[in-house]
Amino acid sequence: MEFIPTQTFYNRRYQPRPWTPRPTIQVIRPRPRPQRKAGQLAQLISAVNKLTMRAVPQQKPRKNRKNKKQKQKQQAPRNNMNQKKQPPKKKPAQKKKKPGRRERMCMKIENDCIFEVKHEGKVTGYACLVGDKVMKPAHVKGTIDNADLAKLAFKRSSKYDLECAQIPVHMKSDASKFTHEKPEGYYNWHHGAVQYSGGRFTIPTGAGKPGDSGRPIFDNKGRVVAIVLGGANEGARTALSVVTWNKDIVTKITPEGAEEWSLAIPVMCLLANTTFPCSQPPCAPCCYEKEPEKTLRMLEDNVMSPGYYQLLQASLTCSPRRQRRSIKDNFNVYKATRPYLAHCPDCGEGHSCHSPVALERIRNEATDGTLKIQVSLQIGIKTDDSHDWTKLRYMDNHMPADAERAGLLVRTSAPCTITGTMGHFILARCPKGETLTVGFTDGRKISHSCTHPFHHDPPVIGREKFHSRPQHGKELPCSTYVQSNAATAEEVEVHMPPDTPDRTLMSQQSGNVKITVNSQTVRYKCNCGDSNEGLTTTDKVINNCKVDQCHAAVTNHKKWQYNSPLVPRNVELGDRKGKIHIPFPLANVTCRGPKARNPTVTYGKNQVIMLLYPDHPTLLSYRNMGEEPNYQEEWVTHKKEVRLTVPTEGLEVTWGNNEPYKYWPQLSTNGTAHGHPHEIILYYYELYPTMTVVVVSVASFVLLSMVGVAVGMCMCARRRCITPYELTPGATVPFLLSLICCIRTAKAATYQEAAVYLWNEQQPLFWLQAIIPLAALIVLCNCLRLLPCCCKTLTFLAVMSVGAHTVSAYEHVTVIPNTVGVPYKTLVNRPGYSPMVLEMELLSVTLEPTLSLDYITCEYKTVIPSPYVKCLRYSECKDKSLPDYSCKVFTGVYPFMWGGAYCFCDTENTQLSEAHVEKSESCKTEFASAYRAHTASASGKLRVLYQGNNVTVSAYANGDHAVTVKDAKFIVGPMSSAWTPFDNKIVVYKGDVYNMDYPPFGAGRPGQFGDIQSRTPESEDVYANTQLVLQRPSAGTVHVPYSQAPSGFKYWLKERGASLQHTAPFGCQIATNPVRAMNCAVGNMPISIDIPDAAFTRVVDAPSLTDMSCEVPACTHSSDFGGAAIIKYAASKKGKCAVHSMTNAVTIREAEIEVEGNSQLQISFSTALASAEFRVQVCSTQVHCAAECHPPKDHIVNYPASHTTLGVQDISATAMSWVQKITGGVGLVVAVAALILIVVLCVSFSRH
């Protein structure tokens, strides 16, 4: 059956379908039951049906099939028959499945909203019109096949791999709508159904392919739910990499192993001014195995081409023999290389030599302690270039030789564990040590080794120093060298090796020198006669010459060699080089670390006593969660008891790899605020010792002063009374005056004489006179208590109660503390309506600064190319735009060193040394980013209890962004404090953030942070200042000595200290991606609420309460809802009422209760007051509650207070009662004394 092209059909242009033969009509009848008598009848009916119902045109296909079979047997094409029977050949192509309903619907919608992206005439992907944007995957190269869209200015987002631009006005009608609603189920795209489940889009494997990048995924309403970027093959199904939307926020879903689905564009390479696809090299040369030298020259010519590795792969795998062994293609590149000899400073017993196992580089960037060692031998490859895991090959003089891998060893202070080998590289886990040795045993059972000084101290993962991974523990972020032999982004340079001197090739024969080549190409030069130099591949005799006058070297230009600073460069080939990928890339992974035993914790008064049991050295750190964190840390190696003071703001303790422990103190004490004076003083002394001592001292001084004043006034009055009678002989003191002044009437006597007289003569009068002042004091105290002007309980409750959270309009504004996890209630009073209670709780608060990246810094790698060594030739350095590049020419080096200098010079040589710095291979994972931090934006998650429903919303706290909770509009912010824990300059390293005044870009200092700088981990622009200085080589062996400052990045890693996650004030939690501070308990959060009229309940519709009374049977202050109050009421009708405390210092747990008839309700409240007096409003009626609260029994709790904490505790009613009594008694004494003094003075003045 032939189909109309899809675009034509769905482009709304109708064309009649071509005629095709009608299908054969077959009547399918039910299978007859097996009956003995009806068997023949059933066969007859079946035969008749076949004869009458079968169509004639069906015979034609049988002939075609017959001809087809004959044609396959003959295998001789006939021109006439082939021309006529060409359509039957294409019949399998016509059997394509007809597009289903999903495909047809998608094609119809796609016809208007997607456009092809073309590059050099080929479709590489698609662009889609969605909403008011045209979207194209950023990895799709090319331009949109539309004149209007091609000229748009696109904005690129590398994070989402997307490019966007505004749709032209005249094309907005063609755009598709988008939606963030994605219920699990099936969706549609160009190739059929897409399943969405578990947050992932999947399709049957094979339904998508490269070239589909940019295609949209639609729901059943034709709305775009995602745009395809690529896919990851997972067996029977393929997981799609897509860009989608979640509540108007763009998100990218990338499954592991996803590949981009843009159509690959062939990369071109160059050969003799002729371009060709890099994946298809020409046949001259086309294969390394046929023409190795020419193939390597071709690769060197294209070493900087983007398709170099395609060309390398194609050149090395073009042989059929190698294709059959493609499972070992990762080792295939090593057939174009060879091992080599290089200088080793210690080959055993302190002697240096040219070793076959020379150490080139030791890398220790992995935080799990694994070492990556580069040596001069090659592991896993035999001398015939075949792969064998059990073998290694090394350079034996100038010929490679095989050895067993089992003889390979690595050791520091003790033998290491080799975890991976390939080519020049070894992975090993080693104990601590100061040297590193690599060795092997060759086929002759001779041991070779090389030792380098190297300080190895495995880093600490996490906060515990452990030696082996536990079976159970905590997964911690770390980095390691992945044990993968596949090609990676890391690479090394290789070049053509220099000629290798070999004196054994020459022998003296009767005054002549014979050169034996042994099937090699040998370069020779003799200083006897003329024309005694050149290349030879056959044995050659130099007449009339001596061996000492000749020099012979093996020339091999069929293999590359690692570009080592320990081996000279081939002078003839200059800077020609190649590149190969290396195994074992550094990657971020997780390492399982132990979790320290939980400490035994004992709580004291404002302190925590922790008994620690470390199994190995474990880090203990703690900080205050207030404005001054006072961060402290220490490594605990043995059992230890620590005492930590818990401040009012809370204490955060981190022990090992456990989650942090958080503690808050409670106002616990041994005394009570409702007892005797000494108990009250003890209560306040334990809570506030300094203030209590000051207050008691001042009060005692005042009282004693008052008593002293009273005594002084009495003495003055008595003296005024006695003086006139003492001066008059025989005077008699009046009775009333003698009674007031305590003197005898007839004869003035001292008080002591009067007291002695009464004690001896009239003891009842003595006691009566002593009781009179006490009785007067008691009477005066009772009078003072009955005075209406006396002060009631003086508490901070009266101050805090002013201005309860009420408002008389539907526009309500309130301010809540910026404390996460503490509910906050506000009451909305509107005239004519029943009060409404709103409960709000901050679930999280985020401060996200605006960052601008200055640069990234990481460990640098010093690149030392093989030096140029020439014989008495002039060499000149050339300027190169390389980071920290240094070049020097040294003359007169390596005197009389033929073999060492690889040079035909018997006097002196000239060496050109070069060096520069570049980013280490570890920079892709191990780097620190230097940011400038600007104004921070605040946002938060808010839980709102509104109309009986708990709703969680996210809002920006900027005073402008509005969120809707049902039918109410909430506007949060701006925050009362613009505080942020981040300085103007911050450094981000993995998941840690540090405040640091780093040097600006281009001004780094050697050995410090920023000594090497780059804009991004992938960028090529690198600035470096490492104090790299080349030094003169010493005699003995070819080398490039230099001096350089140590890596500033590695030094910073050791000295960086604690991150903001541990040192930030106000208990901030710091996170990255993006950089943000969460749940900082600082400042207040204003909230504006716009409540519609329909949300209120009229007073006539709400129940009214009467006869309300409140009783508090139990109350524990400073505890989480430790108070209980019983409110009795009489309700007019059944209904719901809002419950709210009219005092800030008291928080009620319940927000709404149901009332009915004469009943009572119990509410729980929390307060910090010892003597709480507050009013509770239920519906529109208020009731007064008074509670005498006792201190909590728990000293420390692991949750913050749910009530307003007062800076100074209130004074209880009992304490005020004692103050009134004591003050009243002393005041009465002073008043009586003053009255007596006044009367005496008046009488005294009247006489004069």
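Every residue, even glycine, has its Cβ placed from backbone N, Cα and C.
Restricting the average to the region 'Binding to the viral RNA' (84-114) gives a pLDDT of 55. Annotation source Swiss-Prot lists region 'Binding to the viral RNA' at 84-114, citing similarity to another entry.
According to Swiss-Prot, the feature region 'Dimerization of the capsid protein' maps to 183-193 (among others), an assignment based on similarity to another entry.
Look at Swiss-Prot and you will find 219-223 (among others) tagged as region 'Dimerization of the capsid protein'. Cβ atoms under 8 Å from those of the region 'Dimerization of the capsid protein' (219-223) belong to residues 105, 109, 176-179, 181-182, 187-188 of the same chain, restricted to positions at least 6 beyond its ends.
Other Cβ atoms within 10 Å of the Cβ of Cys278 (disulfide bond), summed over all protein chains shown, number 23. The disulfide bond annotation in Swiss-Prot covers Cys269-Cys278 (among others).
Residues annotated as N-linked glycosylation site in Swiss-Prot, with sequence analysis given as evidence: Asn273 (among others). In the three-state DSSP scheme, Asn273 (N-linked glycosylation site) is classed as coil.
The Cβ neighbour count for Cys287 (disulfide bond), using a 10 Å radius over every protein chain in view, is 17. The disulfide bond feature in Swiss-Prot is assigned to Cys283-Cys287 (among others); the stated evidence is similarity to another entry.
Other C-beta atoms found within 10 angstroms of the C-beta of Cys344 (disulfide bond) number 25, with every protein chain shown included. According to Swiss-Prot, the disulfide bond annotation covers Cys344-Cys450 (among others).
DSSP assigns Cys347 (disulfide bond) to coil in the three-state reduction, placing it in neither a helix nor a strand. Residues or ranges marked as disulfide bond in Swiss-Prot: Cys347-Cys353 (among others).
The feature disulfide bond is assigned by Swiss-Prot to Cys416-Cys430 (among others), with similarity to another entry given as support. The secondary structure of Cys430 (disulfide bond), as reduced to three states from DSSP, is coil rather than helix or strand. Within 10 Å of the Cβ of Cys430 (disulfide bond) there are 23 other Cβ atoms, across all protein chains.
Its Cβ taken as reference, Cys591 (disulfide bond) is surrounded by 18 other Cβ atoms within 10 Å in the chains shown. Per Swiss-Prot, disulfide bond is recorded for Cys478-Cys591 (among others).
As annotated by Swiss-Prot, disulfide bond applies to Cys526-Cys550 (among others), with the evidence given as similarity to another entry. In the shown protein chains, 22 other C-beta atoms lie within 10 A of the C-beta of Cys526 (disulfide bond).
What Swiss-Prot lists as N-linked glycosylation site is Asn588 (among others), and the listing cites similarity to another entry. According to its DSSP assignment, Asn588 (N-linked glycosylation site) is in a strand. In this view, Asn588 (N-linked glycosylation site) is surrounded by 13 other Cβ atoms within 10 Å of its Cβ, with every protein chain counted.
Residues annotated as N-linked glycosylation site in Swiss-Prot: Asn670 (among others). DSSP classifies Asn670 (N-linked glycosylation site) as coil under the three-state reduction.
Under the heading transmembrane segment, Swiss-Prot lists 693-713 (among others). Counting residues 6+ beyond its ends, the transmembrane segment (693-713) has Cβ neighbours under 8 Å at 681, 684-685, 1219, 1222-1223, 1226-1227, 1229-1230, 1232-1234, 1236-1237 in the same chain.
The region 'Interaction with the capsid protein' feature in Swiss-Prot is assigned to 716-720; the stated evidence is similarity to another entry.
The secondary structure of Cys721 (disulfide bond), as reduced to three states from DSSP, is helical. Its Cβ placed at the centre, Cys721 (disulfide bond) has 24 other Cβ atoms within 10 Å. Residues annotated as disulfide bond in Swiss-Prot, with similarity to another entry given as evidence: Cys721-Cys742 (among others).
For Asn670 (N-linked glycosylation site) paired with Cys1189 (disulfide bond), the C-alpha to C-alpha distance reads 14 Å.
Taking the Cβ of Cys1080 (disulfide bond) as centre and 10 Å as the limit, one finds 26 other Cβ atoms among all the protein chains shown. Local packing around the Cβ, expressed as the count of other Cβ atoms within 10 angstroms, is greatest for Cys1189 among the disulfide-bonded residues Cys877, Cys887, Cys1189. Under DSSP, residues within the region 'Dimerization of the capsid protein' (183-193) fall into helix, strand and coil as 0 helix, 7 strand, 4 coil. Taking only the Cα positions, the spacing between Cys283 (disulfide bond) and Cys1115 (disulfide bond) is 96 angstrom. Candidate disulfide-bonded residues: Cys287, Cys478, Cys1189. Nearest to Cys1080 (disulfide bond) by Cα distance: Cys478. Counted with DSSP, the region 'Dimerization of the capsid protein' (219-223) comes out as 0 helix, 0 strand, 5 coil. Of the listed glycosylation sites, namely Asn273, Asn670, Asn950, Asn1079, the sparsest CB environment within 10 A is found at Asn273. Nearest Cα neighbour of Asn950 (N-linked glycosylation site) among the listed disulfide-bonded residues (Cys430, Cys478, Cys526, Cys721): Cys478. For the disulfide-bonded residues listed here (Cys283, Cys923), the lowest count of other CB atoms within 10 A around the CB belongs to Cys283.
The Cα of Cys269 (disulfide bond) lies closest to that of Cys923, out of the disulfide-bonded residues Cys344, Cys450, Cys923, Cys1068. The shortest Cα-Cα distance from Cys416 (disulfide bond) to any of the disulfide-bonded residues (Cys278, Cys344, Cys353, Cys877, Cys1115) is found for Cys344.
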